[in-house]
Amino acid sequence: MNPQAKLIFVTSLLLGTTITISSNHWVMAWTGLEINTLAILPLISKSHHPRAIEAATKYFLVQATASTLVLFSSMTNAWYTGQWDITQLTHPTSSLILTAAISMKLGLVPFHFWFPEVLQGSPIITGLLLSTAMKFPPITLLYMTSLSLNPTLLTTLAILSVALGGWMGLNQTQTRKIMAFSSISHLGWMAIILVYYPKLTLLNFYLYAMMTAAVFLTLNSMKVLNLSMLMTAWTKAPSLSTILLLTLLSLAGLPPMTGFLPKWLIIQELTKQDMAPAAIIISLLSLLGLFFYLRLAYCATITLPPHTTNHMKQWHTNKPINPSIAVLTTLSIMLLPISPMLATII
């Protein structure tokens with residue numbers, strides 16, 4: 001892709017995100033979401049492969065439908081209350097339609113079908129943007145309207161998302177699809193706590209985005225697209241495979257990694273809100289996700305390809321590791337000890 005065109009699209013992504021997260025008026029928020037959608041489409045379809053074109057078409061149709069619902073929800077609220085302010089979403093029908101629209105934009109169950117397909121048809125770096133940066137504006141809209149949303153509906157969507165994200169990721173062999181179902185599962189954890197402690201949702205998102213960025217960048221450096229390629233990666237890039245093992249375990253939420261922190265705080269808050277059954281269910285369902293993270297980690301580090309040549313492992317390769325991978329991996333592993341400080345910040 002032309003560097004000038006890529007610069008324009010990336011700048012438009014930043015502009016759209018900034019407009020949405022800084023707006024008070026529904027129409028401005030909607031404008032930001034539309035700019036985002038139009039900016040990411042060329043990045044999805046830049047390879048001109050039929051799979052990429054199909055992914056871009058699916059993404060456009062889903063996001064256009066969701067944006068229409070956002071506009072419809074805000075217009076209905078303005079019709080009844082005379083308010084266009086995002087925080088003044090008081091009409092129950094409007095909040096219901098908005099929940100459906102944002103769920104569609106994020107890929108929460110039952111509006112999740114598009115997400116794995118789109119991620120599979122996109123390049124790895126575009127997949128990283130779709131999993132992290134493109135989720136930020138819709139999550140900020142949920143954060144701003146959290147007082148008006150229906151807790152029972154969000155809890156139901158959250159538990160279903162964690163269940164289906166874990167269940168459907170079990171039999172996948174493509175790394176991008178596995179990361180898509182991982183994203184759906186993590187969104188469930190964010191949605192369940194949204195009404196009770198919105199700042200915790202944002203903290204969870206930030207940590208998730210950091211860990212996912214580390215995984216995607218590592219996969220991109222290793223040029224790994226499926227499990228069979230991952231099985232032969234250890235002999236080529238042992239250091240990157242080790243990094244992948246650690247970030248995947250963190251993404252699974254195992255202590256003492258960073259990924260344990262949001263899960264721990266969410267379970268604690270749910271128990272305080274007399275929602276112990278929901279906390280138990282969502283904790284047990286996250287074991288499904290743990291299984292496929294462990295399978296990825298196993299393929300990356302423990303399985304060796306048959307007929308390996310007898311040569312020394314190349315820990316020092318000619319190609320240095322991307323510094324951003326090193327920084328993100330360090331943060332993905334070592335933030336748990338400062339959890340008291342993070343708890344006081346939020």
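Glycine is treated like the rest: Cβ placed from N, Cα and C.
Model, not experiment: these values are computed from the prediction.
Per TrEMBL, domain 'NADH:quinone oxidoreductase/Mrp antiporter transmembrane' is recorded for 23-288.
Annotation source TrEMBL lists domain 'NADH dehydrogenase subunit 2 C-terminal' at 290-342.
Sequence-distant neighbours of the transmembrane segment (56-75) (same chain, 6+ residues past either end, Cβ-Cβ under 8 Å): 26-27, 29-30, 33-34, 37, 40-41, 44-45, 84, 89, 94-95, 97-98, 100-102, 104-105, 111, 114, 117-118, 121, 130, 141. Feature annotation from TrEMBL assigns transmembrane segment to 56-75 (among others).
Packing against the transmembrane segment (95-115) from elsewhere in the chain are residues 33, 58-59, 62-63, 65-67, 69-70, 72-74, 76, 89, 130, 135, 138-139, 141-142, 145, 148-150, 153-154, 157-158, 160-161, 163-165, 180, 183-184, 187-188, 191: each is 6 or more residues past its ends and has a CB under 8 Å from a CB in it. The feature transmembrane segment is assigned by TrEMBL to 95-115 (among others).
Look at TrEMBL and you will find 152-171 (among others) tagged as transmembrane segment.
What TrEMBL lists as transmembrane segment is 178-197 (among others). For the transmembrane segment (178-197), same-chain residues at least 6 beyond its ends with a Cβ under 8 Å from one of its own Cβ atoms are 106-109, 112, 115-116, 119-120, 127, 131, 135, 139, 142-143, 146-147, 149, 151, 154-155, 157-166, 168-169, 172, 204-205, 208, 212, 215-216, 251, 262-263, 266, 269-270, 273, 275, 278, 282, 286, 288-289, 292-293, 296.
Here TrEMBL flags 203-222 (among others) as transmembrane segment. Within the chain, the transmembrane segment (203-222) has long-range Cβ neighbours (under 8 A, six or more residues past its boundaries) at 124-125, 127-128, 131-133, 135-136, 139, 175, 179, 182-183, 186, 189-190, 193, 230, 233, 236-237, 240-241, 243-244, 247-248, 250-251, 258-259, 261-262, 265-266, 321-322, 324-325, 328-329, 331-332, 335, 342, 346.
Here the transmembrane segment (243-266) has Cβ contacts under 8 Å with residues 182, 189, 192-193, 200, 203-204, 207-208, 210-212, 214-215, 218-219, 222, 279, 283, 286, 289-290, 293-294, 296-297, 300-301, 321, 325-326, 328-329, 331-336, 339, 342-343 of the same chain, all six or more residues outside its ends. For 243-266 (among others), the entry in TrEMBL reads transmembrane segment.
Here TrEMBL flags 278-304 (among others) as transmembrane segment.
The feature transmembrane segment is assigned by TrEMBL to 325-345 (among others).
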Arithmetic mean of per-residue pLDDT over the domain 'NADH dehydrogenase subunit 2 C-terminal' (290-342): 80
